[in-house]
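Chemist: Annotation comment: TrEMBL describes 1-69 as region 'Disordered'. What TrEMBL lists as compositional bias 'Polar residues' is 38-55. As annotated by TrEMBL, Fe cation binding site applies to His288, His337, His403, His599.
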Amino acid sequence: MGSTARPGNRATAGLANGSRPVGCSCRHCCRAVPPSSKLPSPSQRRLQYKPTQPEISAPPATKGEDTQQKKGLAAVVVPAPRPRKGVASWALDMLERLVVRLGHDKKAEPNPWLSGNFAPVLHETPPTAGLPVRGHLPECLNGEFLRVGANPKFAPVAGYHWFDGDGMIHALHIKDGKATYVSRYVTTSRFKQEEYFGGAKFMKVGDLKGLFGLFMVLTQELRKKLQVLDATYGTGPANTAFIYHHGKLMALSESDKPYVVRILEDGDLQTLGLLEYDQRLKHPFTAHPKVDPFTDEMFTFGYSHEPPYCTYRVITKDGIMLDPVPITIPESVMMMHDFAITANYSIFMDLPMLFRPKEMVKNDEFIYKFDPAKKARFGILQRYEKDEKNIKWFELPNCFIFHNANAWEEGSEVILITCRHNNVDLDQVNGNQSDKLEDHGNELYEMRFNMKTGAASQKQLSVSAIDFPRINESYTGRKQRYIYCMILESTIKVTGILKMTGIIKFDLHAKPERSKEHLEVGGNVTGIYDLSPGMFCSEAVFVPKEPGVSGEEDDGYLIFFVHDENTGKSEVNVIDAKTMSADPVAVVELPSRVPYGFHAFFVNEEQLGHQVEW
């Protein structure tokens, strides 16, 4: 018989104040979250905005909601998994090691996602105050700047992909011109279980290739069946992105539910637990939900490998999750990574990145396959529809999209601004197969969908290879002018390794220049911030000088992490988003290396003060 980890019960925020769930491993005592109260609405300060779009549809009445939902408690569940050591665990470990030794194709060269500045840092960094600041940190940056990424605590057993690592948050707390740096893991159920075993136990995306991939899938299922691993609280790494809604900062990965992270007074980070919306959330939650700044509602979805493949949700400004709306997709999608909203619509993307387990085994391929023969489909649904019967689907030429910039309405048309790939191969870096990305492409596009005629069209807006678009988020779902994108290193087509060399600013009111062969200001490119050779950055976030839309749209700052591969040092840069001057407004020197990561976020001072109590 196998021994069992310290027993733990399914604990929620409804525990008695000051109580601590059995098996809890958080750094602070777990205290109760009181019933959510109605928070001051940021949109109240934005009433001067008069949208040119049609009137926003009223949300559905909540008369039929059950008593628990009306309370809007949105309980945070503290993961208390029960993994088990013993004979079954030992036997599966031995079998896995044998198969890896005999059958896994280990390449001589190091895994690029575990090398250089993609390599994980070995330790968390507690709050480190008094950091050197060159220049000045503007008052509007009082708050906390965060970026999350993959940082595996334990070495992988076999394969590894950039998507696989444990979520680690790197944060800069700013107050009155002074800066404090901190880094913490998001203590997910997955993270807690691997800490208990002292090594990697969960299957990796990087494992899912060929017959070996099938073996790793079956091994993970056996571990669950034999209760070696506990999937009760999900298995996601919370390593992709953030959102802030109804007093809660959430760390997200699209394979799991949100993890609520609290920012403490000194800038430290505390993982509170899973947000299940009073057990109304039964499916994964996208890494890119949208908060409407004019209604304070959040719109989200989740996808899976079982019909209907996609589920749409609306969360009220009071944090109540409304009933699910299934969105039928003809074939199992692998990655529906992003979507978009306008004042009246939600936009879903059915793109041909497919989940193909049979082909994985038969053709010794990666389990996720881009099909260049299929059209790109876009489904547009009224935001408050209770079912999918009125969704309108549009087709455009084959492509893939990781990230959208924004969307809005003009008359009967819905406009989507997005970063469009001609081709994408998630196995590119696993095999260093540079020929696969000759037609990679990743340019800014405008897509138009006519809700009356059913016509769809697209127009290229850039010749630059870009991604990770950001805007002044006060304009989310409404027409805006400026977009800031990260410039992708030109060698991405050869190496498949994503590095970002700077930031480019686009003006949608200007005519695109398509004859340019080099990255330069002109046409709709109004500014470029280029890093020095050997320096690379992570996603930048726009922070406005004033909240709302009363000021100039681009009057604010861009803040982002930078790493210098020449010196091995990392820093945070702040630049003027209006002028895009080559001279930073501020540079904050960091005490430790910050690996390259995924998405960034800024929590302002007001939001810090409105976090739910714990």
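Using N, Cα and C of the backbone, Cβ positions are placed for all residues, glycine too.
What you see is a predicted model, and the numbers here were worked out from it, not measured in a lab.
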Chemist: Sort out the sequence-distant neighbours of His599 (Fe cation binding site) for me: same chain, 6+ apart, CB within less than 8 Å of its CB, listed by position.
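Modeler: Result: Arg147, Val148, Thr240, Ala241, Phe242, Ala287, Phe468, Glu539.
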Chemist: Inside 8 A of the center formed by the CB atoms of His288, His337, His403, His599, which other residues of the chain have their CB, for the recorded Fe cation site?
Modeler: Thr240, Ala241, Ala287, Asp338, Phe402, Asn404
Chemist: Does DSSP give His337 (Fe cation binding site) helix, strand or coil?
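Modeler: The three-state answer is coil.
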Chemist: Near His337 (Fe cation binding site), which residues of its chain come within a Cβ-Cβ distance under 8 Å, counting only those 6 or more away in sequence?
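Modeler: In sequence order, the residues whose Cβ lies under 8 Å from that of His337 (Fe cation binding site) (at least 6 apart) are Glu254, Thr286, Ala287, His288, Ile401, Phe402, His403.
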Chemist: Just how many other Cβ atoms lie inside 10 Å of the Cβ on His403 (Fe cation binding site)?
Modeler: 20
Chemist: Would you count the other C-beta atoms found within 10 angstroms of the C-beta of His288 (Fe cation binding site) for me?
Modeler: 20
